[in-house]
Amino acid sequence: MTKKLHIKTWGCQMNEYDSSKMADLLDATHGYQLTEVAEEADVLLLNTCSIREKAQEKVFHQLGRWKLLKEKNPDLIIGVGGCVASQEGDHIRQRAHYVDIIFGPQTLHRLPEMINSVRGDRSPVVDISFPEIEKFDRLPEPRAEGPTAFVSIMEGCNKYCTYCVVPYTRGEEVSRPSDDILFEIAQLAAQGVREVNLLGQNVNAWRGENYDGTTGSFADLLRLVAAIDGIDRIRFTTSHPIEFTDDIIEVYRDTPELVSFLHLPVQSGADRVLNLMGRTHTALEYKAIIRKLRAARPDIQISSDFIVGFPGETTQDFEQTMKLIADVNFDMSYSFIFSARPGTPAADMVDDVPEEEKKQRLYILQERINQQAMAWSRRMLGTVQRILVEGTSRKSIMELSGRTENNRVVNFEGTPEMIGKFVDVEITDVYTNSLRGKVVRTEDEMGLRVAETPESVIARTRKENEIGVGFYQP
């Protein structure tokens, strides 16, 4: 009988990546097949996030639901991973004694051994250590699920912003070697992946070891990824302004595979608040980066993160944030009201901004960025955009859907063989959350580089001489 695994994931793209690796790992070692139905599962895993408000209570609320399933099936294994697990550790079992496994983001590769241990003597396992980059050496080969893929290139963060738990839950920065990253991406390209999104809590701080023992920069890595046949789009997230060096900007000038869209968090437009946040850059320095980026890539669009109502934020501080939003003309944002994360320096600051004032500021900020986003979308009307076709449209099974470089969803009429390929689409309609268009060019007319397996290259290029001896003809 097939054993089943259910994973519930909260939080960032790194958590999504980690969850996919958990599924691949447990399929390879134990034959577990994923199920969307928790009631069917033999193992339940909760991959948690501690960024949002009341993250801990959200975890225990979910565990309370799963407790009922365990009462019906005592052999059910329940595991909690991610950043809340890293923060809370064994405290989770003190409140939820029925949890069998507690693991951190850096120990997910040990899940097979943890499950074996629980199956063997029914004793709980807690492992929230930080064994640096070990987890990547223990994971199975990547499996593509569609034309886009996430690839983690580093873990952790050294910046210690006063509001952020990441350095405490994921550890300090550790970069994967460049060869490991490139090999993973080449494997994905051979399976049909056309777009990769390089992941890291502070991704542009990557400093990985090269094959010859030297240390590569993030700019070096971007160019190497762009050279892989079949990879025609590169994204990365999340960046820090202090690490956004001029050599990265030069990659935007000479590497078309790097998309004309960048998510670069700023958090506030007021230098006083940035200082309280421990951001180590000013609003002027941030704008200087954007100015240089737009000199290298004039059509680039920028998204960002904002925290409103940070302790000590005045009306004047908020007005400076709104001025920065107008000056940069952000395309979109992830914006939130400040809520203290336990164990961070900001949790000890006096939260002196009234809740209603926080809500009003958030509303004003989001309305402004929504207006700017719509203005950007309207500029696309009548233009031809290159779309990576991801699958059937959510709006209609008779249509296809894909994304532009600037992350807009586009719905259009097409044929099934277009899925996983690029098409050029003329934008005919603009809506709040999507665009509509018509296909004007297919991939066959674009001259793109397509990844091939070694076997297909040999089959295509192998020739035989007059006596039947094979030889290679490139």
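Cβ from N, Cα, C; glycine included.
Per Swiss-Prot, domain 'MTTase N-terminal' is recorded for 3-120, and the stated evidence type is sequence analysis. The [4Fe-4S] cluster 1 binding site annotation in Swiss-Prot covers Cys12, Cys49, Cys83. Among the features that Swiss-Prot reports, domain 'Radical SAM core' is placed at 143-375, with the record citing sequence analysis. Annotation comment: Swiss-Prot describes Cys157, Cys161, Cys164 as [4Fe-4S] cluster 2 binding site. Marked as domain 'TRAM' by Swiss-Prot: 378-441.
Structure with Swiss-Prot features highlighted.
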| residue | record | Cβ neighbours (10 Å) |
| --- | --- | --- |
| Cys12 | [4Fe-4S] cluster 1 binding site | 18 |
| Cys49 | [4Fe-4S] cluster 1 binding site | 19 |
| Cys83 | [4Fe-4S] cluster 1 binding site | 26 |
| Cys157 | [4Fe-4S] cluster 2 binding site | 22 |
| Cys161 | [4Fe-4S] cluster 2 binding site | 21 |
| Cys164 | [4Fe-4S] cluster 2 binding site | 21 |
Which residues, same chain and not among Cys157, Cys161, Cys164, have a CB within 8 angstroms of the centroid of the CB atoms at the recorded [4Fe-4S] cluster 2 site?
Lys159, Tyr160, Tyr163, Val165, Val166, Pro167, Gln201, Asn202, Gly278
Counting by DSSP, what is the helix, strand and coil composition of the domain 'MTTase N-terminal' (3-120)?
64 helix, 22 strand, 32 coil
Tally of helix, strand and coil residues over the domain 'TRAM' (378-441) according to DSSP?
5 helix, 33 strand, 26 coil
Residues within 8 Å of the Cys12, Cys49, Cys83 Cβ centre (excluding the [4Fe-4S] cluster 1 site residues themselves):
Trp10, Gly11, Met14, Asn15, Thr48, Ser50, Ile51, Gly82, Thr169
Overall pLDDT of the domain 'MTTase N-terminal' (3-120), taken as the mean:
90
Distance, Cys83 ([4Fe-4S] cluster 1 binding site) to Cys161 ([4Fe-4S] cluster 2 binding site) (CA atoms, angstrom):
16
Measuring Cα to Cα, how many Å separate Cys49 ([4Fe-4S] cluster 1 binding site) from Cys164 ([4Fe-4S] cluster 2 binding site)?
12
What does the structure give for the C-alpha distance between Cys83 ([4Fe-4S] cluster 1 binding site) and Cys164 ([4Fe-4S] cluster 2 binding site)? Integer Å is fine.
11
Integer Cα-Cα distance in angstrom, Cys157 ([4Fe-4S] cluster 2 binding site) to Cys12 ([4Fe-4S] cluster 1 binding site):
15
If H, G and I count as helix, E and B as strand, and all else as coil, what does DSSP give for Cys164 ([4Fe-4S] cluster 2 binding site)?
coil
